[in-house]
Amino acid sequence: GDAIESLGVDKEDPEASAQVAITMSFVVGILLAIMALCRLGFIVSFLSDPVLEGFTVGASILICTSQIKHILGLDIPRGSFAETIAQIFTQIHESNPAAVITSVICIGMLVSVKMYSQRRNLSIPIPIELIVVVLSTLLSAILNLKAEYGLPVVGEIPPGLPPPQVPDFSLISDLFLPSLTITVVLFVVCASIVKTFSMKHGYETDENQELLALSLANIIGSFWLCYPACGSLSRSAVVSNIGAKSQLYNIFVAVILVVTLLTFAPLLATLPNAVLGSVILVAFRTLIVKLKSLRTLWIVKKADFFCWLATFLATIFMGTSYGLLIGFMVSILILLQHTALGQIAELANLPGTAIYRNVKLFPGARRLPRVAIVRFGSSINFVNRRSYREQLANFLTKTPPITTLALDMSMANAVDVSGINMLRAVTKMFREHEVQIMLVGCRGPVRAFFQRCKFSDVVGMDRWFVDVPSAIDYLHTQPGGLELELQEVKLEGDNRKSAVGKSSIAASRHPRRPSRDSKQQLE
C-alpha cells in the first residue's frame, strides 16, 4: 500500500495496483536470487531458538485471535491484536448462534479424530479436515444456513485462472527500496517458519535452498498476478497437522486447486467461515502449547527467557515483522553483552596429574608459587579487550607477587587487531612489574596471526608452548628450578581449603615431557 501511494497510483484502480504488486514481486524474486548466489542464508543463524519459539507462539495467538470472529460469526474489521480483542468483547453479545454451534461441532470432531489417530498410531491419517469441509459445505447448501440463520459463508469464488501478465519493468527503480525491505522481512519470516517445523519434526534445512525456492516462486508468480509471497505459518500448521511429510504434497495441492478453480469453485460458495476458522484453530493448538517452555527458560537461563518474552510481546502487539526484528535485536544485544564480558579462568594443578583446571570449580587444585595460569574463555576482540585487560591487571595485586603469567589461548579461536594491541599493552604492564609472559596453546590461525603481527618480538618464541604442562616443565628446567609450595585455594564465600605444605614439583611429575621441538608446534 505504501509503495502504491509513493508512486502516485490510485489504490482504487485495480489494474494499476496489480501492476505495482506484480512488479514488486519480480524485484523481490531477483533480490532473493542474489541473496542465494551470495550464500546469505547464514543470516538465519542469528535467530536463536527462544526468538523462534516466542515468534511462533505470538504469531499463533495472532492467527487464532483473527479466527475468533469467524467462530463467533462476528463482522470485525482487520486490525491489531488489541483492537481485535476489544472488538470481540464489545460485540460478543452479537455472536451468531449458528456459527458458534458449527464451530463447536467442527472443533469437537477435529480434536476427537486427532486424538483417536494418535492413540491408535494410524499409519495413514484420517483426512478429517477434508471430511469436515465437504460435509459442512453440503449441509450449508442443503439447509440454506446462510439465508435461514445468517451463517457467514465464503461466498462466490471467481472461476478460472487469471491470464499471464508481464510486470512493468519501468517501475523497478522506484520499487527497489521498498522491495529490499520486503525481501529481508519475507526471508526472515519464511526462515523462522522453516526452522520452527524442522525442529518439530527433526529434519535438517538449507537456508540457501530456501532463498532459491522463494526467488523462483516470486519471479514466476509475478507473471501470474501474484504479489510478494512466502511461507504461511497458518497453512504450514494445517499441513503439519494433517500429516504431510515433504514438499511433494504441494504438487497434489496445486493440481487440486487448479481443478477446483476451473470446475468446482462455485460449489465452495456455501462453505461456512466458521469451519475454516475451526480447522486453523485446531491446527495451532500444538504450537500454543509451547508456552510451557517459558517456565523452563526462567529456570535454566533468564537471558533466554527475556529474549523469548520480548519477541512474543513484540509479535503480539506490533506484528510479526517487528516481532522478529525486535527478537533478533535483543538476542544480538545479549550475545554482545556476553562477548563483552569475556571471562578468564585461573588454572591450577590437580595433585598427581598433569591436568590443570579452574580453581573455582576444583577447590582441591594446587596453585604454583609465583606463577599464575589464566585461560581466556573466548576469542579476543575489540568488544571484550577492556574486560580481559581489567581482569588480567588484578593478578598484579596478588600476594605473594607472581613472577610468571602463563596465558592459555586454547579457547581463543580468533584474535583481532584490537585484541593483540591489548596483549601488547598487558605484556608491557607486567614487564614493568618484572613479570614474564608465556603463551600456551595457541591455535593455528591465532599463531599465524601473531606471527604476521610480529608478536614474537614482544613475547619471544621460546615462551610459546603447546600446552600448560610443557610450560611448567620449561619453568622447572630454568636455573633454580621451580619449588612447589602448596597454597590454599579458598573461594569467595567458600570455606573449603586444600592441603598446605611444601614439596618439590618433582613429587607430582608430569607423566610426559614434550621435546623441545614440540614447544614450537601448533595445537
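Here the Cβ of each residue, glycine as well, is placed from N, Cα and C on the backbone.
Feature annotations, courtesy of TrEMBL:
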- 514-523: compositional bias 'Basic and acidic residues' (COMPBIAS)
- 361-475: domain 'STAS' (DOMAIN)
- 495-523: region 'Disordered' (REGION)
- 20-47: transmembrane segment (TRANSMEM)
- 128-145: transmembrane segment (TRANSMEM)
- 175-194: transmembrane segment (TRANSMEM)
- 248-268: transmembrane segment (TRANSMEM)
- 305-336: transmembrane segment (TRANSMEM)
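A contact links the transmembrane segment (305-336) to the transmembrane segment (175-194), because at least 3 Cβ pairs that are 6 or more residues apart lie under 8 A. Packing against the transmembrane segment (175-194) from elsewhere in the chain are residues 2-3, 6-7, 20, 23-24, 27-28, 31-32, 35, 41, 43-44, 47, 51-52, 55-56, 205, 207, 210-211, 214, 228-233, 236, 320-321, 324-325, 328: each is 6 or more residues past its ends and has a CB under 8 Å from a CB in it.
For the domain 'STAS' (361-475), the predicted model reports an average pLDDT of 92.
Only residues 6 or more beyond the boundaries of the transmembrane segment (248-268), in the same chain, are considered here, and those with a CB under 8 A from a CB of the stretch are 137, 154, 156-161, 239.
When DSSP labels each residue, the domain 'STAS' (361-475) comes out as 52 helix, 21 strand, 42 coil, counted as helix, strand and coil in that order.
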